[in-house]
Amino acid sequence: MKLTHNFSFLLLLLLVHMSSKHILASKDSSSYVVYFGAHSHVGEITEDAMDRVKETHYDFLGSFTGSRERATDAIFYSYTKHINGFAAHLDHDLAYEISKHPEVVSVFPNKALKLHTTRSWDFLGLEHNSYVPSSSIWRKARFGEDTIIANLDTGVWPESKSFRDEGLGPIPSRWKGICQNQKDATFHCNRKLIGARYFNKGYAAAVGHLNSSFDSPRDLDGHGSHTLSTAAGDFVPGVSIFGQGNGTAKGGSPRARVAAYKVCWPPVKGNECYDADVLAAFDAAIHDGADVISVSLGGEPTSFFNDSVAIGSFHAAKKRIVVVCSAGNSGPADSTVSNVAPWQITVGASTMDREFASNLVLGNGKHYKGQSLSSTALPHAKFYPIMASVNAKAKNASALDAQLCKLGSLDPIKTKGKILVCLRGQNGRVEKGRAVALGGGIGMVLENTYVTGNDLLADPHVLPATQLTSKDSFAVSRYISQTKKPIAHITPSRTDLGLKPAPVMASFSSKGPSIVAPQILKPDITAPGVSVIAAYTGAVSPTNEQFDPRRLLFNAISGTSMSCPHISGIAGLLKTRYPSWSPAAIRSAIMTTATIMDDIPGPIQNATNMKATPFSFGAGHVQPNLAVNPGLVYDLGIKDYLNFLCSLGYNASQISVFSGNNFTCSSPKISLVNLNYPSITVPNLTSSKVTVSRTVKNVGRPSMYTVKVNNPQGVYVAVKPTSLNFTKVGEQKTFKVILVKSKGNVAKGYVFGELVWSDKKHRVRSPIVVKL
C-alpha cells in the first residue's frame, strides 16, 4: 500500500490521538515541522545559498498564509544546509493543507522525545588492568585520533577533565563548526571539545518563553557530558563514585575530537527534546564535518518521514556519517524498540562484570547481596527493625503508594528508626529513599518485581540502601512476615569485579520486533549500559534531584543512553582505521563479530534468567577487537535504502524529494527481506519457502569461506553456494538463503537461528529470525 501525502498525515494524526504522550505534546504546541527532503546544493554551501533557501521557505509558507510577513513570524527554524524544511507555528488545518503540496514529503507535529566508564572498556577487551595489548583496537585505530564525534544531547560540561586537550594537535582543517558561547562567557571550547551549539526554538515553541539561562550549550543535566565522554572522553585517572569503581575513566575513541549539540532541556511532562531542535542539530552537525553522530534519545516508533531522528540520520548517511542511536528504555515488553531505520545503528543495553555490592543481613543470619552506591553507611554490624513500607502507610495514603514509597505516603511515627522495604516501579528509585529519609527511616531495601528479576541498578541513594533481586526480595518479605521482631543490617557498598554471568540484558532495554519495519532486526547490537561511570556536570546532584546537595564530576548512570555511546566510540575507531568504509560496512563489522555468549560461558540471559533472543541483543554483544578485522562485510548504499522505502510503500515522487535526486524505484520492487543487512529476518514464513539474497564484500586477505547454519526450530535453511572464494580485497560474492518450514513443524511465533561464514580465522555471523 502506498503512503500518499494525505494518508501519511492522517495516519500521523491517528497515532497522535492514540498516544497520551503525544496528545499532551500537541495540546501544548501548535508547532510543526514541514519537511521537503534533501537540498540540491552544488559544491560548497555558502551563506548566500542558505539565505536563498530561507527566503524560499518564507515564500512557500506565505503562499498559504496570504502574507509573507506572517510566514516570517511563524517560522522559527529554516533547515538550509543538508536537510530542507522549516519548523513553524501553524494551526492544524493549515498544517493539513501544506501536507497536500506535491513538494512536501511530510508535515508532522514538533513532537517531544525522551533521553533514552572506568570498567566497561576493560570488560570489552580494549585494555587489561590499564595495559593496552597489541591486539586491542585502540592500538590498531590510533585511539580514534582526529575522528570527529558529535553528540545530540543535553550539552556538555566543558570544564570536565574528560574534555581536556593536552597532547592534541591542531583542530582538523575540515571542521566548520563553532563554539556558540556568545551569551555564556564561562563556556570555552578547545582542541578536544572543538564545537558546541544549542537548539531550543522547538522547545520554546512547546513550553513558552525561555530566559537567558537557556542560551548556552552548557550541560545542566549531566546526561550529555556522560554520553559524550563515554564515546570519546580523554583518559582521566583516579575516578570513583563515593570511593567505588576506582580507576581511569575514558571513552571509546579517547583521541577523537568531540562536538556537543544541545537539543534537550528541562523535562516537560517527562520529555526533554523536540523534533524541530533535533532536525536543526542534525543539519548543523552534518555541515560542520562530523564523522560519527551519537544520539541517545528517541520517541515512539513512527513512519520514517515523520521521525526527526530517522530523517536526520538519513541525511547524515548520505554524507557517509555513521549515526548511532539508543534503542530506548521501554523494556522488557516486546516491540518497544525505537530508532529502527536501517541506516542507523541501534543499540540495546546489557550489564558488565562489575557490581557495586551492598548486602542485606537479616536477624536470622541470612545474607542477600544487592547493589547500591549510597554515600552513607549504617554503623558497623548494628541491626535495626525492618518492615514492609505498606505497614508504615500514612493515614490518607493508598496502600500502593506506601508500598512504592512515594513522597508523603509514609507515617513518620511508624517509619522512624527503621529500615523500610519499598517496591521498585513508578516513582524514581532515589525518590523512594528520600521518602523514607523524610519519614525518619534509617535505611531502605528496594525490592525488584518479577518483571525486573535480577536487574540491579546501583544508585547514589541519599540514605543507606540496597536493591535486591525478585527472588531475594521474596525471601526477605517472608522473613518479615514470619518473624515477631524482624531486624536487619545493610553493609556499606563495595566494588566487585569478575561478576558471572556477564553480560546480562538489562530489563529496561527496549526490544524488537520493530513495528515500523519488521523485516529489519532491531536493535542491531548490545553494549554496556548499566552503572556506567563517565563525566558529569557540576551543576546538579548525581540524582538530578533538587533536594540533593551532593556534587560529583563523574557519575554512574544506566540506560540505553549509556550503551549507545560505547558503539559510537567503537564506530569512531573503525572510522579512523578504515576512513573509506561506508557507515553500513562499519555497522556490519560491529554486528557480524558480536557474541551471543556470556563469560560463564553460556547463552546471554535476560533479567529473569531466561535465554535472551535477538530481539533483545540484535546480533549480540559487541567485541571491538574482532570488529577491527571482520573478514567480510555486508555493505549498503543510499540507493539500497531508497529501494527499501519503495518496497515499504512510499511512492517514487516522495522518495525523489526525500533523497534530493530523481529516483525510480527498481522494477520489480525488491523484497523487503533482501535488503543487504547483516541480519536475516523473515517476519512471516507462510508460503512453502522464502529465498533471501545477500552479498558480502571481502575486506581481508584472499581466503575461502565455508558456511554453517544453525536452523531455527521448525525451519530448514539451505545456503547456495556453501563456499565463497575471495582472491582480492573488495571482491563481492552473492549467496542465497532458502528457508522452508519443516514437515510436521509444531513451532509457532518467532524462532531464531544463525548463519556463519568462516575461513578459520574470521567468523562472520548473522542472526536468523523467522516468524511461523
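Cβ atoms are placed via backbone N, Cα and C, with glycine included.
Positions annotated as signal peptide by Swiss-Prot: 1-25.
The predicted model assigns the domain 'Inhibitor I9' (31-116) a mean pLDDT of 94. Per Swiss-Prot, the feature domain 'Inhibitor I9' maps to 31-116; the stated evidence is sequence analysis.
The domain 'Peptidase S8' annotation in Swiss-Prot covers 120-628.
Residues annotated as active site, charge relay system in Swiss-Prot: Asp153 (among others). For Asp153 (active site, charge relay system), the Cβ neighbour count at a 10 Å cut-off comes to 30, with all displayed protein chains included.
According to DSSP, Asn211 (N-linked glycosylation site) is assigned to coil rather than to any helix or strand. In sequence order, the list of same-chain residues 6 or more apart from Asn211 (N-linked glycosylation site) whose Cβ falls under 8 Å from its Cβ is empty. Annotation comment: Swiss-Prot describes Asn211 (among others) as N-linked glycosylation site, evidence class sequence analysis.
Cβ neighbour count for His223 (active site, charge relay system): 25 (other Cβ atoms within 10 Å of its Cβ, all protein chains included). When secondary structure is read from DSSP and collapsed to three states, His223 (active site, charge relay system) falls in the helix class. As annotated by Swiss-Prot, active site, charge relay system applies to His223 (among others).
Taken from Swiss-Prot, the feature N-linked glycosylation site applies to Asn246 (among others), supported by sequence analysis.
DSSP classifies Asn306 (N-linked glycosylation site) as helix under the three-state reduction. The N-linked glycosylation site feature in Swiss-Prot is assigned to Asn306 (among others).
In the three-state DSSP scheme, Asn396 (N-linked glycosylation site) falls into the coil class. Listed in sequence order, there are no same-chain residues at least 6 apart in sequence whose CB falls under 8 Å from the CB of Asn396 (N-linked glycosylation site). Feature annotation from Swiss-Prot assigns N-linked glycosylation site to Asn396 (among others).
Here the Cβ of Ser561 (active site, charge relay system) has 29 other Cβ atoms within 10 Å, regardless of which shown protein chain they belong to. Under the DSSP three-state reduction, Ser561 (active site, charge relay system) is assigned to helix. According to Swiss-Prot, the active site, charge relay system annotation covers Ser561 (among others).
When secondary structure is read from DSSP and collapsed to three states, Asn606 (N-linked glycosylation site) falls in the coil class. Proximity of Asn606 (N-linked glycosylation site) to non-local residues of its own chain (separation of 6 or more, Cβ distance below 8 Å) is seen for Pro332, Gly453, Val504, Met505, Ser507, Ala612, Ser616, given in sequence order. Residues annotated as N-linked glycosylation site in Swiss-Prot: Asn606 (among others).
DSSP assigns Asn651 (N-linked glycosylation site) to coil in the three-state reduction, placing it in neither a helix nor a strand. Here Swiss-Prot flags Asn651 (among others) as N-linked glycosylation site, drawing on sequence analysis.
If you look up Swiss-Prot, you'll see Asn662 (among others) marked as N-linked glycosylation site, on the strength of sequence analysis. Listed in sequence order, the residues of the same chain lying 6 or more apart from Asn662 (N-linked glycosylation site) and placing their CB within less than 8 Å of its CB are Ser656.
Look at Swiss-Prot and you will find Asn684 (among others) tagged as N-linked glycosylation site, backed by sequence analysis. Its Cβ placed at the centre, Asn684 (N-linked glycosylation site) has 12 other Cβ atoms within 10 Å.
DSSP assigns Asn725 (N-linked glycosylation site) to a strand segment in the three-state reduction. Around the Cβ of Asn725 (N-linked glycosylation site), the number of neighbouring Cβ atoms within 10 Å comes to 14. Taken from Swiss-Prot, the feature N-linked glycosylation site covers Asn725 (among others).
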For the glycosylation sites Asn246, Asn306, Asn651, the one whose C-beta sees the most other C-beta atoms within 10 angstroms: Asn306
Nearest-integer angstrom distance between the alpha carbons (Cα) of Asn651 (N-linked glycosylation site) and Asp153 (active site, charge relay system): 33
C-alpha spacing of Asn725 (N-linked glycosylation site) relative to Ser561 (active site, charge relay system), in angstrom: 41
Residue from Asp153, Asn246, Asn306, Asn684, Asn725 whose C-alpha is spatially nearest that of His223 (active site, charge relay system), among the recorded positions: Asp153
Number of helical, extended and coil residues in the domain 'Inhibitor I9' (31-116), per DSSP: 34 helix, 28 strand, 24 coil
C-alpha spacing of Asn246 (N-linked glycosylation site) relative to Asn684 (N-linked glycosylation site), in angstrom: 49
Asn662 (N-linked glycosylation site) in three-state DSSP notation: coil
Nearest-integer angstrom distance between the alpha carbons (Cα) of Asn725 (N-linked glycosylation site) and Asn306 (N-linked glycosylation site): 43
